Amino acid sequence: LNVTEEKFVLDTLAGCIEYKSLLDVVINAFFVRDGRSCLPSERYLYAVICYLATFQLDELGLQHFSRIVKSLDTAKMQKFLRFFFNALYLNTWIKDEWSQLYDSLYVKENWIDPLLRWQPKVQQLIEQLTDKLNNHTTAVKTSTVTQPKEFNLTLPKPRAIPIPLPIPVLEKPPPVPPSTYKPPREKKQLEEIKIKNHQKAQVSCIMFFTALLWFRSGLSYVSAKVIIFFPSSLLLQETVLTGRDVVPFLLQYLEIDNIPIKLNAAAILRDSALYQRKMEQELKRIENLLQGAGDPSEFLEWQKQMRGKDLEEQLAEIECRRLQGKLSHEEAVLAHQNVIQENKKKADLMREEKAELMHQYAEKRLQEQKEMRELVEQVVEGHKNAKQAKIKLQKYKQQIVQEVCEENRELLRQALEEEEEKLRKRYELIQQIRAIESLPSLRQKFVDLTETGGHGLICEMSIVELRERLALLREAQKAAEEEKRDQIIHEKQAKEQLLLDKLDQISLFRAELGRAAALKKEEKKRKSQSGERPMKDERILNLQKKIAEKTMERKKQAGLL
């Protein structure tokens, strides 16, 4: 480019960058409304045309501007100029959007009014582009179309109509058996077994937690009472049982009176030690009785009764705490409803304060906008003076770029020469290495397995001797393993015999303990039938009454809210 063209290109580029926010308003609106089918890569083309029409049209003149427009795509330029030079758009939203970025008076005098003044002449240019498009379209429509002609081919002979094959008659299929639509018997049996196992599991779980409760409280089936709910079809009503009745009642539904238990070695030894310890304690108790000691059964019975009373008191205390917690919950709900009402009042006061603050903010914003307009006017004056300094700076930068380019060319030439020299030396070295590798070499070595390595060590031996010693070590290791295996078998047999003896002793002990437990169970059952149900604690009744009152008050408060 010559100096004039280069200056024009640089000024256009600098202007597009400086007024990018101003141009983006028009380009974005064009892509949304009329330019939906345009490519995003054409955005900068429309930005340049918009800049020239807005800021350089007075300097260029309509003739030079028309040459630039006509050198580009006719359809694209016609569509964009028709959109940009629309008088309605310029007076309404384009003016409003530009006024948000710059002062409205400055926008109207320097940009909107010149565009409206040029609008009739640019409209003639738009009509010329439209006529060019119409003529181009008409020429395309009047072009001649090649008419195809049929080939003179020999007609094929008509084919003979094939004889239709007879339709095969299918045999009547056998009817579907009725068992297809019925569920199998095995499925029904599995469902019954599943329900039964589920019921047993429920009762087993209840028995486990009941026993855990008694064992943790240190009692053994005393007068504490349990309420059991059976959710399945086993027992649909509420059942009240005493501690003495729990185990027989559950065993009746679980049917586990005589279930065989498979014991491992550890369990057999543990049970044997337990029964041995019990037998020693019983012998010691009998010796004490023979020597004149008293029977502690009466004390133990009194101790059980006292522990039962303590347990009843603990259960009553737990129920009181639960009801107190429920009462606290109802009071908290009432307090929460009161807090909601107070918050509503506070929210109304905050809305009034917010409206007052927004009014003050609007007044402050108007004052800031006024100061901003004054500042923009000062900045525009500064831009006019800075344009000449920008041209001088660009010339100085171009001179520096030329000098740097010359230095870079010289450095690049030197680097290429050094790289070529390195490649040449490397190629010669590779040729020498390949020549050395191509020479034949003898690498054959004979090994005698009966000779030693000759390292001068005391424990040095040949490979043959090493193999013989390893064979002797393997034989000795095999003999030691056989001896160890025989020893383990003898120990295992002795242990099995010991376990069998212990198992016989355990079965005898269990039989005796079972008979004693049955007698004790019958005696406890007779005693439990004469007992009476304890009265409910007065504290619990008072708490339940208070909870009902608070619940009614909360519901009334919720209805008011």
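The backbone N, Cα and C atoms fix where each Cβ goes, glycine too.
No curator has checked TrEMBL annotations; they are predicted automatically.
The coiled coil annotation in TrEMBL falls on one of the ranges 91-121, 153-183, 308-338, 463-493, namely 463-493.
Tertiary proximity for the coiled coil (463-493) is limited to same-chain residues at least six positions away from its ends with a CB under 8 Å from its CB atoms, namely 449-450. Across the coiled coil (463-493), the prediction's mean pLDDT works out to 92.
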